[in-house]
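Working notes for the structure below.
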Amino acid sequence: MDNGDIESAEDEFGGQSGRKYRPVVSHDRAVLQMSPLDSGSSSSLPVPQSPFTNLKTSMQGNMSSDAREESSTNHEELNGSERESKLELFGFDSLVNILGLKSMTGEAIAAPSSPRDGEDVSNTLGRSKANDLKLGTLMGVFVPCLQNILGIIYYIRFSWIVGMAGIGQSLLLVSFCGLCTFLTSISLSAIATNGAMKGGGPYYLIGRALGPEVGVSIGLCFFLGNAVAGSLYVLGAVETFLDALPGAGIFGEVVTKVNGTEAAVAVPSPNLHDLQVYGIVVTIILCFIVFGGVKMINRVAPAFLVPVLFSLFCIFVGAVLARKDHPAVGVTGLSLKSLKDNWSSSYQNTNNAGIPDPDGAVSWNFNALVGLFFPAVTGIMAGSNRSASLRDTQRSIPIGTLAATLSTSAMYLFSVFLFGSLATREKLLTDRLLTATVAWPLPAIIYIGIILSTLGAALQSLTGAPRLLAAIANDDILPVLHYFRVAEGREPHIATLFTALICIGCVIIGNLDLITPTITMFFLLCYAGVNLSCFLLDLLDAPSWRPRWKFHHWSLSLLGAVLCIVIMFLISWSFTVVSLALASLIYYYVCIKGKAGDWGDGFKSAYFQLALRSLRSLGASQVHPKNWYPIPLIFCRPWGKLPENVPCHPKLADFANCMKKKGRGMSIFFSILDGDYHECAEDAKTACRQLSTYIDYKRCEGVAEIVVAPSMSDGFRGIVQTMGLGNLKPNIVVMRYPEIWRRENLIEIPATFVGIINDCIVANKAVVIVKGLDEWPNEYQRQYGTIDLYWIVRDGGLMLLLSQLLLTKESFESCKIQVFCIAEEDSDAEELKADVKKFLYDLRMHAEVIVVSMKSWDAQGEGGSQQDESIEAFTGAQRRIAGYLSEMKEAAKREGTPLMADGKSVVVNEQQVEKFLYTTLKLNSTILRYSRMAAVVLVSLPPPPLNHPAYFYMEYMDLLVENVPRLLMVRGYRRDVVTLFT
């Protein structure tokens, strides 16, 4: 059938189909993608002749050309969603659903502004419009990284570092710091190539890998690092300006006498107050530029690199042309003698400006130089910060970042030998701008290059830091940051003002050497976060972890993270402790005050794999009694009705908490919806969410499950067989006693109730039935009196264990335990009491033991009102059972069948029925006699007798619980839950 046949068939049967089809033309994307399915198959396989072909041909013969053109036009105007009619069988999952593919890549559907409810976020930081120019590897990653790495440290501190540490330790210093950034670049490349990367820089990467809590804490520290780095660049530019023009100083220069010379040499340095005044002015000017808009900054930003590269060229040419004492005293030119003299270190005290001074307050060593030099290798995140503006992030970020890192590290290593062989140590330590001194042709070129590069870097910091803060605020994790939120496409003015205030505060400090360790700590925290993210993702190796960058390994990421931490402690253990404490405080604050978010982070994958490994380690064998924990399966469906929007009885959650020791354990709350699964699936999901929310509201650790089944019995039978995995299956079924069944004439309850108990017995599950649930105390209602146990049958110690768990709760901690044992003969009473006392002592349980003889039941005439109440209930039960039995006999006689109850044949032994009634009567009388004032009573649950009607069993139970306000009926299962041995 061709396209025309489809059209003709639709015209004839349009009223039935309800859908219009358009002809698929050759240039359609669907045809281009699925061409082997159409053209190839049609050429090789016979196509059956359609019965509508002749009809289509005759209709085309009668159709005018205008009509055909109009029809073709109308077909072309149909929307794209109707183009995939050939693959209608596959529905919305068809790969040729172009709109679907666009929504998968995030091109057509805008992402929400918050990651709550499991949704991802497209941050406003760096988000580009469809018509914006996308950047390649060179201008998008390599140039920004190079511009940020080659900063002021190289110009005004690197030659000084070589003079202080010597060539040997300077090589070690550069290699050590360069290895840290190189390993971080590898980790960054792996994470950045593991799927589409939105704006947000390292905050986005760390947050999506380690979770919103870690992402926000490290992201805020990284923001502070960028804000403080802006002040570093401003102070560097001002210091260079004052060195070039000493007369511009307001307060005058500071003159220091240098040690180690035959005659005192006066070395001028900028005044601290000049640095502060000029620094504040420059910061304010830069802020006005930032407020003007980021488009102008992005246009001129590449131009800042030109003076830097040209100044480097001038430095290298000047070093080659330098001769002894030319262009200044102390310059030796490239000399092997200077290389040998400067090979070893010469650490000494300096003043705050870095000038050697025997009485200086600053003492230098290798660790301190690490903190001073490390900012010279930072800037590797500049490319990832622009991820939203890159044409191909998965190609540009690895190549550009690693190229910038390796090229600058190689240049630093070369410069160590260059400066070490260029001048004497005294010249290296006293001439802070040796690069300008030796530069060819004029020193002014270096001054201009330093000022432009540092101001450009400062402008980038004051531009990027506010957007990072706005991205964190837009994720809506921390409500306190909502002041910094901005709409898409708007400038973050409030965040920019806040960043400027931080920058001005650091400028007021005015000491470059005190600011750089602070920046180092924040950047190292960020680098450690990137390395740990890659380490975790690579070690877990989830199915979604498929980075295009293959040159990575979890051991390299771990080594990079360890190097970051080691460098932090080498620089300053006090700064390290402060920075880690700050990050920890932010993390704790996010956990307490932050909104929930699920970004599919690595920790969730780690928890999943840890749970799987723990489940496998538990195996399928029985858990030892010492390691036994109650895992209650709590039946939330009420025997009756609950108020609207209350999915579970409020007291069930309180009782579930009483079954756990210090909150350890898991509870499974489940309910059953009657109906067809296909019709009630959505209702079940809604009910499950409501139940889960209610569990969290009641502060009960557990999970919610909703099952759709034709009936309550079928649903419970399916749950009790399938719920749980391995040894993490529920072992106790908890439900409320149906006290209302007779009062509201709910005749279907007895069969369901008895069926549930029988299913638990068959499935080997313990049963706890709560009578008087409405009066069960919450955590604030303290109870006094006793917890009475009527221990009749061996239950593996479950009843004893439950009583001990109740004592661990504040509401029952003031109670005492009494254990009542039933002896058949009086002669057995004393021996039974001694055995039970010894057993409880070995179990480390404190309880009073009371033995009740069955023969003494007949002599309870002194029971008084309790006996009268029980007798009244007994006679009522006899009367109702006799009436129910007579109805069964009449029905059996009328239909000529055996006695039937609940749809099955039953055998009624009237003498046995009387015996059961009498046993429950005497047990109820004993409970009322000894335990009427008890806080809670626990009694062994008798199993439903075989071949007895469920109605009879309900009568037995009603008689047992009559007038007992709060009672737990407990039945263990075929195993011990307590042990005598250590």
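Yeah, the Cβs are placed from backbone N, Cα and C, and that goes for glycine too.
Taken from TrEMBL, the feature compositional bias 'Acidic residues' covers 1-13.
The compositional bias 'Polar residues' annotation in TrEMBL covers 52-65.
Annotated compositional bias 'Basic and acidic residues' per TrEMBL: 66-82, in sequence order.
Over the domain 'Amino acid permease/ SLC12A' (140-609), the average per-residue pLDDT in this prediction is 83. As annotated by TrEMBL, domain 'Amino acid permease/ SLC12A' applies to 140-609.
Residues annotated as domain 'SLC12A transporter C-terminal' in TrEMBL: 650-771 (among others).
Among the features that TrEMBL reports, domain 'SLC12A transporter C-terminal' is placed at 782-981 (among others).
What TrEMBL records for 135-156 (among others) is transmembrane segment.
Long-range Cβ contacts of the transmembrane segment (171-193) within its own chain (Cβ-Cβ under 8 Å, at least 6 residues beyond either end) map to 161, 165, 202, 205, 209, 366, 369-370, 373-374, 376-378, 380-381, 384, 387, 393-394, 397-398, 401-402, 405-406, 409, 412-413, 416, 524, 527, 530-531, 533-535, 537-538, 547-549, 551-552, 556-557, 559-560, 563-564, 567. Residues or ranges marked as transmembrane segment by TrEMBL: 171-193 (among others).
What TrEMBL records for 214-235 (among others) is transmembrane segment. Proximity of distant same-chain residues to the transmembrane segment (214-235), defined by a Cβ-Cβ separation under 8 Å and at least 6 residues beyond the stretch ends, is recorded for 151-152, 201-204, 206-208, 275, 279, 282-283, 286, 375, 378, 454-455, 457-458, 461-462, 464-465, 468-469, 471-472, 475, 477-478, 499, 502-507, 509-510, 512, 515-516, 518-519, 521-523, 525-526, 529, 579, 582-584, 586-587, 590, 594, 599, 601.
If you look up TrEMBL, you'll see 275-294 (among others) marked as transmembrane segment.
If you look up TrEMBL, you'll see 301-322 (among others) marked as transmembrane segment.
The transmembrane segment feature in TrEMBL is assigned to 364-384 (among others).
TrEMBL lists 396-419 (among others) with the feature transmembrane segment. Within the chain, the transmembrane segment (396-419) has long-range Cβ neighbours (under 8 A, six or more residues past its boundaries) at 135-138, 140-142, 145-146, 149-150, 154, 158-159, 162-163, 167, 170-171, 174-175, 178, 181-182, 185-186, 188-189, 192-193, 197, 312, 316, 319, 334, 339, 376-377, 379-380, 383-384, 387, 390, 428, 434, 549.
The transmembrane segment annotation in TrEMBL covers 439-459 (among others).
Look at TrEMBL and you will find 494-512 (among others) tagged as transmembrane segment. Residues 223-224, 227-228, 230-232, 234-236, 239, 272-273, 275-276, 279-280, 283-284, 287, 290-291, 352, 461-462, 465-467, 469-470, 473, 483-484, 486, 518 of the same chain lie 6+ residues outside the transmembrane segment (494-512) yet bring a C-beta within less than 8 angstroms of a C-beta in it.
Per TrEMBL, transmembrane segment is recorded for 518-537 (among others).
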Outside the transmembrane segment (275-294), at least 6 residues beyond either end, the same-chain residues with a Cβ under 8 Å of its Cβ set are 230-231, 234-235, 237-239, 241-242, 250, 455, 458-459, 462-463, 466, 491, 493, 496-497, 500, 503-504, 507-508, 510
Surrounding residues of the transmembrane segment (135-156) on its own chain - C-beta under 8 Å, 6+ positions past either end:
232-233, 236-237, 239-240, 301-302, 304-305, 308, 311-312, 372-373, 375-380, 382-383, 385-386, 389-392, 395-397, 399-401, 403-405, 407-408, 412, 415, 432-433, 435-436, 446, 449-450, 453-454, 456-457, 460, 516
Summed over the domain 'SLC12A transporter C-terminal' (650-771), the DSSP helix, strand and coil counts are 58 helix, 29 strand, 35 coil
Under 8 Å between C-beta atoms and at least six residues away from its ends: which parts of the chain pack against the transmembrane segment (558-590)?
176-177, 179-180, 183-184, 186-187, 212-214, 216-218, 220-221, 366-368, 370-371, 374, 477-478, 517-518, 520-522, 524-525, 527-528, 531-532, 535
